[in-house]
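Before any comments, here is the structure.
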Amino acid sequence: MKLEFTEKNYNSFVLQNLNKQRKRKEYWDMALTVDHHVFFAHRNVLAAVSPLVKSLVSSNDMKTTDELYITIDPNYLSPATVDQLLDYFYSGKVVISEQNVEELLRGAQYFNTPRLRIHCNDFLIKSIRRVNCLRYLFLAELFELKEVSDLAYSGIRDNFHFWASPEGSMHFMRCPPVIFGRLLRDENLHVLNEDQALSALINWVYFRKEEREKYFKKFFNYINLNAVSNKTLMFASNKLTGLENNSAHATLIESVLMDRKQERPCSLLSYQRKGALLDSVVILGGQKAHGKFNDGVFAYIIQENLWLKLSEMPYRAAALSATAAGRYIYISGGTTEQISGLKTAWRYDMDDNSWTKLPDLPIGLVFHTMVTCGGTVYSVGGSIAPRRYVSNIYRYDERKEAWCLAGKMSIPMDGTAVITKGDRNLYIVTGRCLVKGYISRVGVVDCFDTCTGEVVQCITFPIEFNHRPLLSFHQDNILRVHSHRQSVEINLQKIKANKSTTSVPLLPNSCPLDVSHAICSIGDSKVFVCGGVTTASDVQTKDYTINPNAYLLDQKIGEWKTLACPPEALDCPACCLAKLPCKILQRI
């Protein structure tokens with residue numbers, strides 16, 4: 001009789017014991033030296049995982065009693081990395097982070113271990129985001145990681161307006177010529193306008209003038225001078241005096257300026273590259289007259305006072321929420337004829353005009369507030385049913401492809417007004433909840449720290465309004481809450497609220513701001529509003545109609561301006577500020 005017995009996890013058991021022997025310096029027959037640090041190991045183990053070690057053993061005709069010594073340059077691999085590599089060779093486990101991925105890639109290259117290289121490649125793909133895509137592109141080019149290179153390049157191209165801004169330019173000025181030239185040549189480059197592209201080129205050349213001046217002539221040809229403003233052309237002309245062989249470029253600039261003097265002034269928009277960005281307000285979903293739900297996606301182009309239809313949502317809903325993050329718009333929740341609180345979530349790609357289904361929200365929500373902070377999308381509060389509010393704050397985790405509970409507000413609310421400060425803090429200001437059995441807006445400010453998942457500051461203050469307020473920051477610590485009846489200035493440092501004499505005028509149709517309106521701050525103290533319900537002039541009839549107009553409030557002078565009429569009158573649509581590529585104008 002014969003019986004076969006197999007030990008479970010025997011290979012792992014053997015390697016674990018070999019690793020213990022290595023750390024105790026037992027039975028070793030090779031050593032790696034890095035900057036006075038000596039690491040002992042077993043030749044057979046390393047030869048099995050590293051073609052480098054196997055080659056050294058075979059090429060030197062080593063005998064079983066011989067010992068192998070390898071000296072590693074500490075400028076290439078640190079002692080800590082070599083120790084981590086040895087642990088990986090013996091256990092097959094490795095922890096990769098943004099801090100150690102470059103050295104691990106060097107280690108994979110040095111020891112010629114393809115599997116470790118694959119792990120590093122996968123980590124880079126899963127962890128890439130706006131703030132690190134420039135560094136990841138450098139790594140991808142250095143270690144020939146094509147998929148990472150393509151993703152990182154797309155990340156830089158899609159966020160060029162950030163990298164060329166004062167906030168991002170400190171790192172971007174180190175961009176190598178081959179990458180910088182490729183970006184300027186790209187018709188889909190996301191610049192604010194061609195002015196930014198020309199200014200970025202001049203700043204990049206002057207950052208290392210002696211070595212980069214030779215690239216200026218070639219890269220200058222990638223700029224469409226007809227799309228550049230007179231002010232920036234004059235700036236460029238002055239800068240050219242500091243560069244050699246600039247006469248041809250100066251002549252081109254002078255030619256454009258002279259032509260403009262002789263022609264009728266016209267918009268530069270038609271000359272912009274396809275990827276140039278347009279500040280826009282995007283309206284999604286909503287409810288039409290007679291109760292029909294909408295799936296249309298419309299964009300108001302601020303610069304042109306023009307409405308466009310972008311797309312159609314994959315579902316019809318009102319009281320949903322939306323936020324923009326880079327080239328994407330995220331939408332979730334809402335109500336339909338059949339379901340009062342939807343879990344569904346989608347992502348719209350403004351560049352490709354395409355939709356991607358996302359994992360469902362953990363719970364169905366209406367009147368929740370979606371917001372982007374630090375490049376991450378959050379959903380704040382909301383209702384799961386009439387008069388049933390939640391305090392949950394959800395975060396969409398791009399790596400896990402899941403909605404995760406980020407934390408909770410101090411009290412359950414829907415219809416909250418939210419403003420961000422930096423890349424870390426959400427300020428959740430007022431919201432609707434049940435007070436003594438009645439739906440009422442409460443005066444509360446929660447400062448939610450997205451890193452800790454905690455409300456780090458909660459301030460309550462008396463309010464005399466039940467409509468949706470407008471928010472803005474004055475100086476660094478003063479949060480202004482503007483409404484029709486009263487305005488409040490909250491000192492976040494002293495935790496003190498003071499009434500202000502300024503107030504928000506009623507809409508031109510004499511209605512107050514409400515959760516049914518699409519409301520969007522668009523910078524420079526201006527607020528966009530459209531849709532929502534309006535009460536009939538005869539108060540006795542108590543009839544409600546949907547507001548067909550769009551308005552713009554200039555808070556500096558306290559006046560409303562009526563804008564181009566929206567394509568449809570909508571109640572409770574989602575609304576967000578977005579930067580749309582100029583190529584969408586070609587769809588008109």
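Here the Cβ of each residue, glycine as well, is placed from N, Cα and C on the backbone.
Some features that Swiss-Prot has for this protein:
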- 28-98: domain 'BTB' (DOMAIN)
- 133-235: domain 'BACK' (DOMAIN)
- Ser149: phosphoserine (MOD_RES)
- 280-327: repeat 'Kelch 1' (REPEAT)
- 328-375: repeat 'Kelch 2' (REPEAT)
- 377-423: repeat 'Kelch 3' (REPEAT)
- 425-475: repeat 'Kelch 4' (REPEAT)
- 476-525: repeat 'Kelch 5' (REPEAT)
- 526-580: repeat 'Kelch 6' (REPEAT)
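Each residue in the repeat 'Kelch 1' (280-327) gets a DSSP state, and the totals come to 3 helix, 26 strand, 19 coil. Shown in sequence order, Leu137, Ala140, Glu141 are the residues of the chain, 6+ apart in sequence, with a C-beta less than 8 angstroms from the C-beta of Ser149 (phosphoserine). Across the repeat 'Kelch 2' (328-375), the DSSP tally of helix, strand and coil residues reads 0 helix, 24 strand, 24 coil. Helix, strand and coil counts under DSSP for the repeat 'Kelch 6' (526-580) come to 0 helix, 28 strand, 27 coil. Most Cβ pairs under 8 Å with the repeat 'Kelch 1' (280-327) belong to 526-580, among the candidate stretches 377-423, 425-475, 526-580. Secondary structure of the repeat 'Kelch 4' (425-475) per DSSP (helix as H, G, I; strand as E, B; remaining residues coil): 0 helix, 35 strand, 16 coil.
When secondary structure is read from DSSP and collapsed to three states, Ser149 (phosphoserine) falls in the helix class.
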